[in-house]
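Undergrad: Next up is a structure, given as structure tokens.
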Amino acid sequence: MSASSYGFPIPSSLMPSDASPEWNNKADNAWQLTAATLVGLQSVPGLVILYGSMVKRKWAVNSAFMALYAFACVLICWVSWAHGMAFGTELMPFVGKPNHALSGKFLLAKSSAGYFPMADFVFYQFAFAAITVVLLAGSLLGRMNFYAWMLFVPLWLTFSYTVGAFSIWDKYGFLEGKIIDYAGGFVIHLSSGIAGFTAAYWVGPRISYDRQNFPPNNIIHVLGGAGFLWMGWTGFNGGATFRVGEIASLAILNTHLCTATSLLVWLTLDMIVYTKSSVIGAVQGMITGLVCITPGAEGLVDSWAAVLMGVLSGSIPWYTMMVLHKKSAFFQSVDDTLGVFHTHAVAGLLGGLLSGVFAKPKLLRIMYGDDQYGPGLIYSFSKGESMGEGFRQIWYQLVGAGFIIVWNVVVTSLVCVLISHIVDLRMQEEELEVGDDAAHGEEAYALWGDGERMRVPLRLHISPTIPSLCRRRFSIPLTRNQEE
């Protein structure tokens, strides 16, 4: 088609071509690739840096590597079979048929989500799937056998994540069109928080000394990793509109408003109760704000509601983590290393329910083009005769949350039990005393302190092993007491 056929001059750069078909919107395509990259940066390097610096020095390498491995493994699984299970044709009401996403014909066709190639959608949804698994890992740092983690990632992705994504997001899912979960408050954050807590129960706790004394090894790097996470959320929520427009702009602004508010509320509570402004507390408040706004960020709620959601996300998870967790025998019995249950499960559930309260009918129509969702509860009151619709939406949000919680508890438990019959879920006690050197034969820092003496790298004394035979024999002393 020539420029003259349109009846007015069109720049040649905007004309359709073999490389850019008529259905391809170059602006949407460019934004979707940018947004997917921003989401990927949240995991690598964001959570790699955050995990590697937020744990005790002897676990820095192992913690960072768990995130890096999961990112790579999820991509291979995603394009091999998992994308089809999450966004393919129906196999059962809650899962799609396994199918690869590797053919050029499929990847270069128009995406059903927008005016860009399917390859954009596959990569964007991979980044979502990857960060879900990496977030889950935060509950397991400091003791999980890396060989067990290598098995856990593909199994959990296949049997847990794909089910939640298909059920809520895919057009064939039984909850699609009912649950307001724009960018993953339930599919990503509630599932990672519940699954992480469940897996932590099965893996078991860190050694007693590590659980009582687990200081971050580099707080400056914690802030760097947190910065990648915060800024990357621009793509996380802004990209989920699948188009460049006013809704994407509002989603991005709402995301940062809620996050900043949540951080300041958490920080204020820390200062009131503990008389100290905790850096780690501020990071936790930042994360809960990001998580809480995710289900409704894309313009489903007004900005004033985003601020109010930030107030609640900075206070309710603070209470469950800083007060309830310390008083509850149930929470104390499970060693959730980084408190993922509170920052993601509690905040994700809160965000999902608040989206059902604050979702604005006009914004829902702009985003979805029909009246299948909502309205939010407060708007149903203003309409009088539609109050039942608001309560119905809250009921759907509760049903969706209940499904995600039950499914993740059951499937995560089954996956852990299965793996435990192949390889130990938890590292051996003597390995837990050593940390990175025992797990990988490598350590994070070349400088030595704390009165420790330089040792010959443990790697030189370990024979090659395979996962099913991963019990090691050490030929040198393992603990400081043994060395002395």
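Glycine too: its Cβ is placed from the backbone N, Cα and C atoms.
Pulled these features from TrEMBL for this protein:
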{"type": "DOMAIN", "residues": "30-445", "note": "domain 'Ammonium transporter AmtB-like'"}
{"type": "TRANSMEM", "residues": "30-52", "note": "transmembrane segment"}
{"type": "TRANSMEM", "residues": "59-81", "note": "transmembrane segment"}
{"type": "TRANSMEM", "residues": "121-141", "note": "transmembrane segment"}
{"type": "TRANSMEM", "residues": "148-169", "note": "transmembrane segment"}
{"type": "TRANSMEM", "residues": "181-204", "note": "transmembrane segment"}
{"type": "TRANSMEM", "residues": "216-235", "note": "transmembrane segment"}
{"type": "TRANSMEM", "residues": "247-267", "note": "transmembrane segment"}
{"type": "TRANSMEM", "residues": "279-297", "note": "transmembrane segment"}
{"type": "TRANSMEM", "residues": "303-325", "note": "transmembrane segment"}
{"type": "TRANSMEM", "residues": "337-359", "note": "transmembrane segment"}
{"type": "TRANSMEM", "residues": "394-419", "note": "transmembrane segment"}
Undergrad: Residues of the same chain, at least six outside the transmembrane segment (30-52), with any C-beta under 8 angstroms of its C-beta?
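TA: Contacts of the transmembrane segment (30-52) (Cβ under 8 Å, skipping residues fewer than 6 from its ends): 60-61, 63-64, 66-68, 70-71, 114, 116, 120-121, 123-124, 127-128, 130-131, 134-135, 137-138, 141, 221-222, 224-226, 228-229, 231-236, 238-239, 242-244, 248, 338, 444.
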Undergrad: Average pLDDT across the domain 'Ammonium transporter AmtB-like' (30-445)?
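TA: 93, rounded to a whole number.
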Undergrad: In the same chain, which residue numbers or ranges, 6 or more beyond the ends of the transmembrane segment (337-359), come under 8 angstroms Cβ to Cβ?
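TA: Residues 51, 54-55, 135-136, 138-142, 179-182, 185-186, 188-190, 192-194, 196-197, 200, 206, 214, 284, 287-289, 291-296, 300-302, 305, 308-309, 312-313, 316-317, 320-321, 325, 331, 373-379, 390, 393-394, 396-398, 400-401.
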Undergrad: Who are the chain neighbours of the transmembrane segment (148-169) in space, where the CB to CB distance is under 8 Å and they lie at least 6 residues beyond its ends?
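TA: Distant contacts of the transmembrane segment (148-169): 66, 69-70, 73-74, 77-78, 81-82, 85-87, 93-96, 125, 128-129, 132-133, 136-137, 140, 175-176, 179, 181, 186-187, 191, 195, 199, 203, 400, 403-404, 407-408, 411-412, 414-416, 418-420, 422-426, 467.
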